[in-house]
Amino acid sequence: MATYEALQRNDRQIAVWLLACCALVFVIVVVGGLTRLTGSGLSMVEWNPIFGLFPPMSDAEWQAVFEQYRTSPEYLHVNRGMTVEEFKGIYWLEYIHRMIGRGIGLAFLLPMLYFWVRGKIEASLRPKLVAMFVLGGLQGVLGWYMVKSGLIDVPQVSPYRLTAHLGLAVVIYAYMLWVAMDLLSRGRPTAAPPQGQSPVLRRVVMVVTGFAFVTILSGGFVAGTKAGYAFSTFPLMQGQWIPDGLFTQEPLWRNFFENILTVQFTHRVLAMGLLLAVFLMWLLAWRLEPRGGMRLGFHLALGAVVVQVILGISTLLMYVPISLASAHQAWALVLFTVLLVLVHRLRQPVAAAHAEARAAASTRQVEASGA
């Protein structure tokens, strides 16, 4: 039976691995955004997850791949007349995006098998890791399902599928990060907050974190409908605070996902609401949270949301430059990370109690085996 110290060492190793996988997921989210912003996402018209590892190498192979692309709606309606050399420019980024996805799969699967065979993964952790791997596989399938929607008639992917693809990436990232933080916080000494204050603050932070996730999904619809390229003024839209034409489609709910005007307006409202929510959360923490380390986390959250709003407004006013739009998407995940860490830190007394019980159980088992 492993000692408590050995269990802690295993926890740290697995946590570091999961954090590395989180970093890779962060990278692929950014690269995925770049493929969309540069118009590269529909350049590969086939999905071959097993054998499609190598790019075209010879002129003949490039010409064959280009001929496939020339049958796509994007070539016929957007890029007609594109040369092979121009095609290579959009092909490579999508190829890199897919290869990073494959790399994440291997970076997750191989260490998981190693830890599993070596007996380093506790029984309670195994289903969580399997769930992560399954979600990663589903993400790959969903990515192709999204691309396929832009290869039929209209050279634009479904905003619903794009948002689902983005949302699942954030879920996978959050799940891995949460489990890694669980593993790192086991047994860590934690000063308990004043009685009755942490639960209130924790619930508020949880709500704000959920609000941030919804705002990210809203951003997915802005990207999917290309709503960011319209109405490049702020704070007014069409010279109005509440523009006309918000609810012109039937049924009503479609406006929030397909009406470009409503999609952008909704994202603006959510963004401003999130800014206000984080500010109020920060004020509440100033009253209820006396620990300096925790207060720093709330300062970071407030600073992160201010930066995100500035990036969003700048992206809009400058007509979606690739650098700013990519930074806006990446920083959304940074803000979400800060909020998620805050939620986890506010529940550490609970985690510490679980760790104490685990240590006691391990000690009893070691003593029993020695007897």
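In case you wondered, yes, glycine gets a Cβ from its N, Cα and C as well.
Taken from TrEMBL, the feature transmembrane segment applies to 14-34, 99-117, 129-147, 162-184, 204-224, 265-286, 298-320, 326-343.
Remote same-chain partners of the transmembrane segment (265-286), defined as residues 6 or more beyond its termini with a Cβ less than 8 Å from a stretch Cβ, comprise 200-201, 204-205, 207-208, 211-212, 214-215, 218-219, 221-222, 227, 234-235, 237, 242-243, 246, 256, 294-295, 298-299, 301-302, 305-306, 308-309, 312. For the transmembrane segment (162-184), the residues of the chain that approach it from at least six positions outside its boundaries are 11-12, 14-16, 18-19, 21-22, 25-26, 28-29, 32, 36, 125, 128, 131-132, 135-136, 138-139, 142-143, 146, 213, 216-217, 219-221, 223-224, 333, 336-337, 340-341, 344, 351, judged by C-beta separation under 8 angstroms.
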